[in-house]
Amino acid sequence: MASPRLGIFCCPTWDAATQLVLSFQPRVFHALCLGSGTLRLVLGLLQLLSGRRSVGHRAPATSPAASVHILRAATACDLLGCLGIVIRSTVWIAYPEFIENISNVNATDIWPATFCVGSAMWIQLLYSACFWWLFCYAVDVYLVIRRSAGRSTILLYHIMAWGLAVLLCVEGAVMLYYPSVSRCERGLDHAIPHYVTTYLPLLLVLVANPILFHKTVTSVASLLKGRKGVYTENERLMGAVIKTRFFKIMLVLIACWLSNIINESLLFYLEMQPDIHGGSLKRIQNAARTTWFIMGILNPAQGLLLSLAFYGWTGCSLDVHPPKMVIQWETMTASAAEGTYQTPVRSCVPHQNPRKVVCVGGHTSDEVLSILSEDSDASTVEIHTATGSCNIKEVDSISQAQGEL
């Protein structure tokens, strides 16, 4: 579970609100974290094996899009962060004597405090990087649709995601543990920067990503209408697929992390009270404990739920391969009509070979749409670029295709 309270636990003194949640059934809480994290790792491994098996039956992609690299990086960050939660919870359950020495000021063994700080910073860093990568994904898909030239720079995204994650994590840790671990958490002036650096990437994703996704969906609709000047049923289905994917992403993020925001709001409210153990605050205390346990279950499950949002429910099966709907679009050609309508993506010019289309600066419009609807090898919709008329294969019905989503 990714929470700034994990870092505060390493301090010898806790505020009353932190004491309220950290001392309430700690073994049960870490058992829930361990179970949720282990389930995410096991099912994630099954999904990875299933994806590799399905890739073996396809021609390898020549140049993966930047969004594919971004999703792989976000998945890796979430996987390693979840692994940190599993290791931390395992130690908490298996070695209670080791954990008791963490907050002991007079203890001579530095390893308990070192493990506490290291595991807390490890979890915070990787989940922060995951949030930055998800923000980069929203930015990238919007830029791919909107701009007319150039190619996404994955190096810039690496610098942005890892640089900001490391910077905020180090700054929050220095402010929290200054001047030393044995003398930290002596007031809100030390703790607040730690909270800000922890939740800033999360709040950015929850606020900015829906805006970028909405703008992308609007641009995709304009792009599909501009291909032939009409908006066919297949193009409506294509737009619905992209819109559904973005909706699933935000639904997972809100479901997994809204409990963190509610919990921290309740704990901050309790910290402002002169006596948090008053009878009038009993319901708020119970709500804080409840959301604390919900965080322990949902935070490690984020990666699994996001992968299901991207790849579908059948991604966790090693044998089930759902029928795919293959839509072949006509490639764009240089014409007078294109001169009157400037598409938001890179223009394409036909060469001598009628089966090939040369892209000026990057992906064709078909590939751009494929990036948005098929970031995985297990997507329910595939789009292939080909000349000629529109040809639909393996389509039972549009309602069945929407049912698979």
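Positions of Cβ are set from backbone N, Cα and C atoms, glycine also.
Remember, it's a predicted structure, so these values are computed and weren't measured experimentally.
Swiss-Prot has this to say about the protein:
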type	residues	note
CARBOHYD	Asn101	N-linked glycosylation site
CARBOHYD	Asn106	N-linked glycosylation site
MOTIF	222-231	motif 'lysosomal/melanosomal membrane localization signal'
TOPO_DOM	1-27	topological domain 'Extracellular'
TOPO_DOM	49-78	topological domain 'Cytoplasmic'
TOPO_DOM	100-124	topological domain 'Extracellular'
TOPO_DOM	146-153	topological domain 'Cytoplasmic'
TOPO_DOM	175-191	topological domain 'Extracellular'
TOPO_DOM	213-248	topological domain 'Cytoplasmic'
TOPO_DOM	270-292	topological domain 'Extracellular'
TOPO_DOM	314-405	topological domain 'Cytoplasmic'
TRANSMEM	28-48	transmembrane segment
TRANSMEM	79-99	transmembrane segment
TRANSMEM	125-145	transmembrane segment
TRANSMEM	154-174	transmembrane segment
TRANSMEM	192-212	transmembrane segment
TRANSMEM	249-269	transmembrane segment
TRANSMEM	293-313	transmembrane segment
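The transmembrane segment (293-313) makes contact with the transmembrane segment (79-99): 3 or more of their CB pairs lie within 8 A, with pairs spaced 6 or more apart in sequence. Here the topological domain 'Cytoplasmic' (213-248) has a mean pLDDT of 80 out of 100. Just going by CB pairs under 8 A, the stretch in 28-48, 125-145, 249-269 that sits most against the transmembrane segment (192-212) is 125-145. Long-range contacts of the topological domain 'Extracellular' (100-124) within the same chain: residues 2, 4, 6-7, 9-12, 80-81, 84-85, 87-88, 91, 169, 172-173, 177, 181-182, 198, each at least 6 residues beyond the stretch ends and with a Cβ under 8 Å from a Cβ of the stretch. Residue counts of the topological domain 'Cytoplasmic' (213-248) by helix, strand and coil are 32 helix, 0 strand, 4 coil (DSSP-based).
Counting only same-chain residues 6+ beyond the ends of the topological domain 'Extracellular' (1-27), those with a CB under 8 A from a CB of the stretch are 33, 81, 85, 88, 92-93, 96, 102-105, 113, 116-117, 119-121, 123-124, 127, 172-173, 176-177, 181-186, 191, 194-195, 198-199, 260, 263-264, 267-268, 270-271, 276-277, 285, 288-289, 292, 295-296, 299-300. Tertiary proximity for the topological domain 'Extracellular' (270-292) is limited to same-chain residues at least six positions away from its ends with a CB under 8 Å from its CB atoms, namely 15-17, 20-21, 24, 29, 188, 259-260, 262-263.
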